[in-house]
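Novice: There's a structure below that I have some questions on.
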Amino acid sequence: MSIPIPGIKDISKLKFFYGFKYLWNPTVYNRIFDKLDLTKTYKHPQELKVLDLYPGVGVQSAIFYNKYCPKQYSLIEKRSSLYKFLNAKFEESPLQILKKDPYDWSTYSSLIDEERIFVPEVQPSDHINDKFLTVANVTGEGSEGLIMQWLSCIGNKNWLYRFGKVKMLLWMPSTTAKKLLARPSTHARSKCSVVREAFTDTKLIAISDANELKGFDSHCIEEWDPVIFSAADIWPTKGKPIALVEMDPIDFDFDVDNWDYVTRHLMILKRTPLNTVMDSLGHGGQQYFNSRITDKDLIKKCPIDLTNDEFIYLTKLFMEWPFKPDILMDFVDMYQTEHSG
């Protein structure tokens with residue numbers, strides 16, 4: 001059956017959006033789905049299970065279902081006015097609307113392990129899981145910390161990533177997307193983009209303001225060729241632009257705990273050259289790393305300039321350090337770097 005798509009006339013009557021924004025224009029969604037070409041990954045969409053976090057007004061949910069007819073489509077929405085809206089619009093539809101909190105970790109253990117309402121298939125990590133997709137809208141203020149937690153789960157292979165390499169389609173403020181996709185040596189480079197680069201292949205798919213593209217790497221924009229749409233296509237229309245990114249987990253071969261320790265401490269002092277900052281990893285660190293790093297150009301770099309491979313190289317040296325500190329005794333706030341420099 002085809003699910004009716006909520007229109008802007010009904011959407012605009014809602015009083016509470018809780019600081020989030022939603023694309024409502026079906027024409028723009030068609031352009032986005034054409035660009036994503038999801039059937040390359042999900043060759044048998046009728047076997048696909050989709051978990052939709054913070055679906056809001058459900059326009060994307062309805063369009064996705066009508067286009068791909070997945071086996072199961074579950075919407076996780078606890079916010080009162082939006083939950084009522086979804087129930088009113090999709091009461092007789094195949095969409096499964098669950099009044100649970102996407103922010104609460106216990107939601108997922110309850111959903112998957114206890115109630116077994118939504119049970120994805122575990123697949124090997126040599127490919128993107130072709131029977132499980134996650135989509136989410138975190139366009140509200142303060143979403144960056146939640147995205148960082150999800151990225152950390154990719155590295156630790158827990159949460160939804162215990163089921164393999166699960167693709168995520170993620171709406172966020174364009175300012176967050178710029179920070180997430182920042183390249184080495186750019187002003188927006190932070191621990192957030194370092195983690196993203198280490199654990200995922202992430203692309204900008206769409207954005208609601210062409211002027212925002214100036215904040216991204218020009219070569220990447222040329223490669224990604226994102227869909228550009230208008231602020232008039234989102235509701236509420238006021239406020240910051242939003243962006244959609246596609247996030248695919250990738251293979252990595254390094255010790256995550258030691259890598260996290262090294263990157264976290266170095267990015268706190270991200271504009272200080274390595275030849276003076278290495279004591280931040282532990283007493284005597286500067287002398288040790290100065291003696292081990294043979295590339296004199298690397299030792300002159302600041303953490304903000306380092307590539308993923310260079311961070312991995314420094315982690316390897318750190319693990320070989322006979323007097324390295326006990327990283328389990330480290331209590332540095334993992335988000336401190338996001339608000340520094």
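The backbone N, Cα and C atoms fix where each Cβ goes, glycine too.
It should be emphasised that the depicted structure is a prediction, and the values quoted were computed from it without experimental measurement.
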Novice: Please state which member of LEU14, LEU23, LEU180, LEU181 Swiss-Prot lists alongside GLU77, ASP101, ASN137 for binding S-adenosyl-L-methionine.
Specialist: LEU23
Novice: What is the biggest Cα to Cα gap, in Å, among LEU23, GLU77, ASP101, ASN137, the residues listed as binding S-adenosyl-L-methionine?
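Specialist: This binding site's residues have a maximal Cα-Cα distance of 21 Å.
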Novice: Indicate the candidate from GLU77, ASP101 with the smallest number of other Cβ atoms within 10 Å of its Cβ, considering only these binding-site residues.
Specialist: ASP101
Novice: Applying a 10 Å Cβ distance cut-off over all chains shown, what neighbour count does ASN137 (S-adenosyl-L-methionine binding site) have?
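Specialist: By my count, 25.
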Novice: Any same-chain residues 6+ apart from LEU23 (S-adenosyl-L-methionine binding site) with CB under 8 Å of its CB? Would you list them in sequence order, or say none?
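Specialist: The list for LEU23 (S-adenosyl-L-methionine binding site) reads TYR29, VAL59, GLN60, TRP171, SER208, PHE229, ASP233, ILE234, ILE242, given in order along the sequence.
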